[in-house]
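Over in TrEMBL, the protein carries these features:
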DOMAIN    2-264  domain 'Pyruvate carboxyltransferase'
BINDING   Asp11, His199, His201, Asn235  Mn(2+) binding site
REGION    388-505  region 'Regulatory domain'
Amino acid sequence: MIKIFDTTLRDGEQSPGCSMNLSEKIQMARQLERLGVDVIEAGFASSSPGDFRSVEELSRVIKNATVASLARCVKKDIDIAYDAVKKAVKPRLHVFLATSEIHMKYKLEMTEEEVLERIQKYVSYAKSKCDDIEFSAEDATRSNVKFLCKVFETAIEAGATTINIPDTVGYVTPNEYHNFIKEIKEGTKGIENVDISVHCHNDLGLAVANSLAAIEAGATQVECTINGIGERAGNASLEELVMALKTRKDYYKKDTNIVTEEIMNSSNLLSHITGVKISPNKPIVGKNAFAHESGIHQHGVLKERTTYEIMDPKSIGLNKNSLVLGKHSGKHALRDKLNELGYEINDDELEELFVKFKELSDVKKTVFDEDIHAIMIREFQKVEGGYELIDYNAFTSDGKESKTVIKIKKEDEVIEMVGSGRGPIDAAFDCMGKISGSDIKLKEFSIYSVTQGKDALGETILRVEHDGEIYAGKGISSDIIKSSILAYVNAINQFSGGEVIEDAI
Ligand SMILES: CC(=O)SCCNC(=O)CCNC(=O)[C@H](O)C(C)(C)COP(=O)(O)OP(=O)(O)OC[C@H]1O[C@@H](n2cnc3c(N)ncnc32)[C@H](O)[C@@H]1OP(=O)(O)O
Ligand SMILES: CC(C)C(=O)C(=O)O
Ligand SMILES: [Mg+2]
């Protein structure tokens, strides 16, 4: 059995534009639990009060999976990480220190001896607080293998129950990694009593191949993320890894606890939460992964699906029969759909959402899954004390400067302002800039149609820069000017005094 350690909420969140608020992390963690992952790395508790709160809250919410927090070999990090995970049913402390020459010399400014001492000291300290300890040798694949064996021996003697061999910069190749792990297995005393974990980055597009090679060499845990998000080019993608093991069970002869039918839900939920789209040719979860365009392939698939499909789409949760939601649907069907899409809600939340659902179904014939995601994403974005759009009017005609008037509320104050620009959206952003009185630069802006038909919902995703920091905003509406204003409001609410409502659905 291969343990799946999901780090979507920690390493995944380290990818630019993938930050999640607490309510988004809770929804995602619940979905990861339905997916059946063994370990959820909930965050790096000491890195910020927000990270602490989310690790602490996830430790309360998650019942089956182990909940881990990352910590440096620093007392304060370990204390804070333990405080955050201590209420979990199965807590884990994940302690790390770099072991490559380049990291030790330039980053840590430590000698090999100092690194070994520090590992001994802080893994023992972590062990005095928590039974389940993972130790990671950051940049392991660029470390001297003999030194690495000493590193792991030290960590195991100090109480580590899992040792992790990360390919931090995505440098290694599959055969090389396979041999490297074999060498570590042969050269490290006590390694037979602990889990061997791997954590691969995708800088050369080899993260999944390297993880699979590591499994063949004896790794018992793989670290990965949904949709492969993560630092730089990302981490090994959970769905690719798991489906490779499942589809080629004849070769790998290994199982995981993953409920593969939950893969599509997990992937869609993350993509909706982060606003990061999945490329159509992405293996397993891309729009084209099970699509057949050419005649010869279509002919083959019509006669026998397996001529061109190595996986059954149903095995990842595609093509499930589902109830069609519309203006005549009731709360049971809405709850059923929300659960099917990976959202858990209580009765009060259902009442509130049902009102929004009815408003939408009055204007749309059919409410698609994407519409439901859109309603939920709006709920996640609620901000207490932040700006709230009340109304807007746009005046535009070909070749002339456009004007947009926005009426907006912040706490009890209603503000009305006019902006001008090249087109109504440019004018709306000019107006929002004046309202917030801040120096804001628009860095990225895209609008996607998220549902079908002429009444489709448009999703705006943008990034703005303020005070050297980048803030992402999302807005959804059947009116693209409104979705753009909502996205802008969502972005500026993150720095203009609003506080994300932690218990929003
Ligand atoms: C490979 C990975 O993914 S590692 C995880 C990366 N994730 C993150 O860094 C996200 C969160 N990080 C943060 O918010 C901040 O970096 C913090 C709060 C953790 C630390 O912030 P700061 O104290 O300002 O330090 P800063 O980030 O500038 O530098 C890192 C410091 O940690 C030290 N350090 C790095 N790794 C380790 C380690 N594993 N154990 C002990 N010390 C370490 C560095 O040497 C440096 O020390 P110095 O301040 O004495 O020079
Ligand atoms: C903290 C460690 C496991 C990491 O993310 C890496 O080395 O990539
Ligand atoms: Mg990493």
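Any Cβ shown, glycine's included, is placed from N, Cα and C.
The Cβ of His199 (Mn(2+) binding site) lies under 8 Å from the Cβ of Phe5, Thr7, Asp11, Ser136, Asn164, Ile165, Pro166, Asp167, Thr168, Val222, Glu223, Asn235, Ala236, each of which sits 6+ residues away along the same chain. Using the Cβ center of Asp11, His199, His201, Asn235 for Mn(2+), the list of other same-chain residues with Cβ within 8 Å runs, in sequence order, Thr7, Pro166, Thr168, Cys200, Asn202, Ala207, Glu223, Cys224, Thr225, Gly230, Glu231, Gly234, Ala236.
Over all protein chains present, the Cβ of Asp11 (Mn(2+) binding site) has 24 other Cβ atoms lying within 10 Å. In this structure, Asp11, His199 are the binding-site residues from Asp11, His199, Asn235 whose C-beta falls under 6 Å of some atom of ligand 2. Mean pLDDT for the domain 'Pyruvate carboxyltransferase' (2-264) in the predicted structure: 97.
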